[in-house]
Amino acid sequence: MGTIGVPLTAHCVVLFLLQMVALSTEQFTVNGLESPVLVPLGGNLELSCQLSPPQQAKHMEIRWFKNRYSEPVYLYRNGKDLNEAIVYKYVERTELLKDDIGKGKVTLRIFKVTSVDSGSYHCFFKDDKFYEEHIIEVKVTATSSDIQILMHPPNSTGVRLECHSGGWFPQPHMEWRDSKGEYIPATSKSHSQDENEFFNMTMDLFIKSNSYWSAACYIQNFVTHQEESISFVLPGTKVLLLKNIQSIFQSSSVDLEKKDMLLKSIKSRFQSSSVDPEKKERLLKIIQSRIESSSVDQETKALLLESIQSSIENSTVDLETKVWLLESIKSSIQNSSVDPETKELLLERIKSSIENSTVDLGTKEWLLESIQSSIQSSSVDLGTKKMLLKIIQSSIQSFSVYIGTKEWLLERVQSSIQSSSVDLGTKELLLEIIQSSIEGYSVELGIEELLSKIILSSIQSSRVDLGIKELLVKICQSSIQSTSVILETKEWLVKIFQSNIQSSSMDLETKVWLVKFFQSSIQSSSMDLGTIKWLVKNVQSNIQSSRVDLETKRMLLEIIQSSIQNSSVHRGTKKMLLKVIQSSIQSFSVDLETKEWLLKIIQSSIQSSSVDIGTKSMLLKKIGLILRSSIVNPGTELLFQIIQSDLQSSSVNTETREMLFEITQPTVQSSSVNSVTEELLEENYQLLLQSSSVNLEAENILNDTTQRILQLSSVNQGREKLLLDRIQQILQSSSVNPETKCWLLKRIQFILENPSVHQEKKDLLLERIHLILQSSSVQKETKSLLLGSIQSILHSFSVQKETKYLLLEKIQLILQNSSVHQETKDLLLKIIQLILQYSSVHEATSKLLLERIQLILQSSSVQKETKDLLLNRIFSILQNSCVDQGVKYFLLNIIHPILQKTSVHQETKSMLLDRIELILQSSSMQQETKNHLLDQIEQILQDTTVHQETKDLLLNRIELILQNSSVQQETKELLMDKIDSILRYTWVHQETKDLLLNRIELILQSSSVQEETKNFLCNIIASILQSTSMHQEKKKLLLGRIELILQSSSVQQETKKLLLKIVQSSSPSSSVRLESCNKRNPFWKKHALDLGISVFAIIVVTLIRHLNQREADQHFELDTLWSKDTSVILCVLIMFNNRLKALIYFRLYGYSPPGKTYKYIVNYILRFSQPLFFIVYSAIILVMHLQIQNTDSLFSLYNSWMVEMIMVLGLLLAIFNVKNIATALLHLGRTTLRLFRIKD
C-alpha cells in the first residue's frame, strides 16, 4: 500500500488542473503615492507606482517624465533601461527599482534633490496600444530649528533685536510677536541663498523704552506649515515691593486680618489678566516660601492654601498663573522640611480640586503632574506617597470624578511605573491599585481601557524593569483565569497581550513570558472555552499581523504545534487552532515565511506517529478547505510543496496518504477552486514529473492522467491551456530525464491520434509543440523526440485529416519563423523527407505536406537558408528510387505554380531552378522523374502567365545542362525534343521562342558543348525548317540565328558545316528556298503556278457547264457557277497554299490590313481555315446533290463525283488534322462562315 500512495495522489494532483481558470489582464489602472510628496532639499526622493490589478510589467514600456512626454526622467522598454533617452539633468541621478516588476510595481529614485526637482511626475505604463498614468506632485522643502536673537547695546531711545535663521527652503514667512501672540511690525527684513540653495533669513526689531517687556521671533515654512520660534524677555526692575510683601507674611507682629486682606489683594492680582506676569511670579515665590516656612503658623498657611486653591479653580485666572501656583504646591509637597500636617492640608486641597467638576481639565492635569512628580521623587517619604496613592485610587474608583481626570490619573500611574527613578515599593503600591481596579465591580467600563493602556505601555516600555513586567503579566494572567472577572474585562486583557506581542519595541524576554502565558492558558483544562476562544483569536491576529516580528510569530506557532500534537488538549481547542492555520494560510496579509512555518506544522503533524488519527483527519479536512477555497493567494504554493514532500516521504503511513487522497479528490471536482490554487497544483504536478525521487511508475500514471484530462470534453479550455503550459515547460526543461519526456510525448501522440478528442484541444496541444520547437533553450534531444512523434502522427492512418492539417500548419509557421534555430529546421525537414519517402504514407497526407512545402517556398518571409534546406530535401527525395513515383510527381507539380506566381521572390525561383538543373544532370535520377520534370519545363515555357524573367532563368539552366558533358545523352535528347515542340507550337509566346533561339545560338557557339549534342540540336533545326506546319516567321527567326552563327568567328568549323548541311538539306522545300533567297519577289511570281492551275481549272469547268446547260436549254449563270463549283476547286487549292488563302480572303472582301494585324489574321487562317472550309463546302455540296432530280445528266454525275471527292478529302483532313478540326469547331463564328459569299 505504501508504494501506491504516490501514483494515486499524483493522479489526483493532475486532475485538480481541471479547475483552472485562465486570467487575462487586458486593461489596468496605475496607483501611486498621494500628492504632495515632500522631500528635503539635498536628500533622496523615492516615488512608487503600482498596476492594479497586479500583473507582470516586464514587457511593458515604463516612462517617468515631468512636464513633457518626450523628455523622460527615466525610460524602461522591452526589458531594458534606455539611459540614453533620459534628460541630461537627470543622467546618473536616477534609477528604477524593479524588484516587484512582476507584480507591476516600480520605484523611481532621484539622488541629491535640487529645487528644480519640484513639480508633477507622471508614472506612465504602456502595454501594446493601451496605456495609463498616475501623477505625483513633489515639493522640495527644508526647515531649520536654528534660530538666534541677538540684542544690540541699548541707547537712550531703546534697544535693537536681530533674529537670524538659516537652512530654509522655500523662502519662509518671518515675523515678530509679543507675549500675547500679537503681531509686531519688523523694522527690516532680508534674505540670501547659499550654494546649496538654502535661504538664510534676517529680521530686525527696534524696541522703544517701556513699550514691550518680551518679544518672540516666528518663522513658518509655507509648504509644510511647520513653525519655529524663539522668545526673548527683557530684564525687569520692580523687586522692592515684593520683598516688602514677603516680610509682612514672615512677621508674627502683623495680625491675621491684615494678612488676610493682603492675601485677598494678592489673590485679586493673581486672577487679574492686567497684572504683569513677572509681578505674579514674584508674588508666588513669596507665598511658596511662607507655606514652607516653619515660622509661619498653621492658620496663615491655611489661608495661603485657600487663596491658591481658589485661584487654581477660578476659570478667569490665566493658565500661566495657575502653572506657577501648581509648581509651588509641587515643590512644597516634595520638600522634606515641610511638616506632615502642611502636606496633608495641601493634599486635601488637591483632592478636592481634582474631584471638583467645575475645575477645568488643564488645571487638573497640572495637579496630577505634581502628584506624579511627587510619587516619583525619592526625596518624598513613603507616608506622603501613600496619601497620594489613596487620592489616586479613590479618584479612579469614584463615579463623581470625570473620565478625563481618571485618564490623566492613570497616565501618571503609568509614567510612575515606567520610571526608573521610582522605587520598587512605590511601584508595588501602584500595581495594587491597578489590580484592585481591574477586579473591582465598582470601576466603570471606561476605566478598563485606561488600565489596559497602562499595562500595555508598561509592558512595552524598555524603561520598566523585568520584575515589574513579570508582576504585570501575573496580574493579567490571574485576572484572566479568575472566574470572578467578567468576560469583557478578560477580552481587553487579552488584547493587551496581543498588542504587546505585536509591538516591535517589546524586548524578546517579555514576549517569551507573554507567549508562555498563552500556551499555559490554551492548554489548561480548567480554562473555559470562551476565554480560550479569545486567546486563540489573539494568537491568530498576531500571526497574521505584519507588525509582529518573525521570532515572535515563530514562538506563537510553536504553541500551536505543541497544542495540536498534545493529546491532553481539548478537541474543541484543536479545532480552533486548525481554523487559525487555515485562515492564516488563506490570508493575503500573512507573509510567506509565516506560512512556511504553518505548513511545517502541518507537515510534522501529518508525518508524526504520536499525533492521533482524529487530529490528522481534522488537519487534512482543513487542507481540503484551503484547496477548494476561492480566496487562496499565491503564498499557498507552500502547501503544495508540503503535499509533494508528504507523497514522496517514506515516513508517511498509508492511512494518512489515503486520507490525503480523499481530501484532494473533492478539491479536483470542486467548481469554486481559485485559479491561483489550480496553477500552484499544476506546478506541483510539474515538480513531481521533474523530481528524480519520484519513480518512473508514478510518472507514467501522471502522464496517463494528463492524457485522460485532455481527452475529456467537459474540461474547461482555460485549464487545459494551463496544463499545456506545464507540459511545454517540462519538455523545455533540461532537468527532466528523457524517459519522462518520452512517456509524455507518447501520451501527446495518443491524444492527437484519438478521433474522439475535440479538434480545438488538439490545436492547443499543437500550439505548444510549435512553441517548443521554436525555442532555442530546448535541448536537441527533446526536439528529436518530439519530431519523432510528429513523424509517427503524420505516418498514421488513424489520425484525422484535420489534425494533420493543423500539424502541418504549425510546421509551416516554424519553418517561416526567422527566430527558430536552423538546426531545428533541419531536423524538421528530415522528418518531412522521411514521411514523403514512405510508401505506406497516405496519399492525402502527402498532398497536405506538399501543399505546405509549396506555401513555404512561395512565402517571402521564409529565410533563404530554410528554403535551401527544404530544396535539398526535395532533391534527395527525387533521387531516392524507393520513393513512390506518385509522390515525386506531386513534388514536381509544385514547380510550375511557384515559377508562375509573380509574388514569389526571384531568389527563391533561382534556387528552385538550381535544383532542376541538378536533377537533370544527376545520373542517379530515374528517367521517369526526369521526363516528368521536362514536361513541367515545357508547360512553364508555354505558359504566357509565367514571367519572362523566370523563363530566362529556366533557359539559362537548360543551356548549362546541354553544355555539361556529365549530363546523360538520353536526358539531353529528351530536352531537345521539348525544345523542338516549343518552337513548333504556334501559341507559345514569340518572346519565349526568341529567348530559346538565343540559347540555341549560344550552345552552338560554345566550344565546351559536346559534338553529339550539337548534332542532335542541328537535327532539330533541320526538322523545323523542313516542316510544312511551321510558320514562316519562325523559320525566318531560326535562319536569322543560323546566319549569325555562320558569321561568328568563335564558332567551331564543324558546327558551321553541320548548319550548312541543314540549310542544303532544307533547300528542296520551295517555300523555304523562296522565302530565304528571294525575299523581295512579288506575290504573283512566288505563286504563278498555283494561280495558273487555278485559272485553267476554272475555265475548263466553266466551259463544261456551259455546254451542259446549252444541251439542257438552261440559262447559264456565272455567279451560280462561281458560288458552287469554282469555289470547290479554289478550296482544294487553298488547302495547299497559305498565302493564297490570305490573298483570296483579302481580295474578296476588298480589305488589306497593314502591319501586325495582317500577320495575326494570316495566323488565324493558318490555324482554322483548312478544316472549316471542308466542313462548310461538304455540307453545301451534299445539299445540292440531294436537290438534283435528273440522275442521268452529266451534271448529276459531276455533282456525284464532287460529293465523293469532297467527302474523301474531308476524311483525309480529319485523320491528319484532328486537332485543327477540334479547334475550328470551338471557334466557329460569323466571320469564319463568311469567308466566301455563298448564295442559293
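Keep in mind that glycine also has a Cβ here, set from the backbone N, Cα and C atoms.
Under the heading signal peptide, Swiss-Prot lists 1-24, citing sequence analysis as support. Feature annotation from Swiss-Prot assigns topological domain 'Extracellular' to 25-1086, 1147-1167, 1227-1240; the stated evidence is sequence analysis. The domain 'Ig-like V-type' annotation in Swiss-Prot covers 26-141. Residues annotated as disulfide bond in Swiss-Prot: C49-C123, C163-C217. The annotation domain 'Ig-like C1-type' is assigned in Swiss-Prot to 142-231. As annotated by Swiss-Prot, N-linked glycosylation site applies to N155, N200, N314, with the evidence given as sequence analysis. The transmembrane segment feature in Swiss-Prot is assigned to 1087-1107, 1126-1146, 1168-1188, 1206-1226; the stated evidence is sequence analysis. If you look up Swiss-Prot, you'll see 1108-1125, 1189-1205 marked as topological domain 'Cytoplasmic', on the strength of sequence analysis.
On the structure: features taken from Swiss-Prot.
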residue : record                      : Cβ neighbours (10 Å)
C49     : disulfide bond              : 26
C123    : disulfide bond              : 25
N155    : N-linked glycosylation site : 9
C163    : disulfide bond              : 26
N200    : N-linked glycosylation site : 15
C217    : disulfide bond              : 25
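Nearest to C123 (disulfide bond) in space, judged by Cα atoms and limited to the recorded positions N155, C163, N200, C217, is N200. For C49 (disulfide bond), the nearest neighbour among the recorded positions N155, C163, N200, judged by Cα separation, is N200.
Counting in whole angstrom, C217 (disulfide bond) lies 14 from N200 (N-linked glycosylation site) by their C-alpha atoms. Taking H, G and I as helix, E and B as strand and the rest as coil, DSSP gives the domain 'Ig-like V-type' (26-141) the counts 12 helix, 60 strand, 44 coil. Using DSSP to sort the residues of the domain 'Ig-like C1-type' (142-231) gives these counts of helix, strand and coil: 0 helix, 53 strand, 37 coil.
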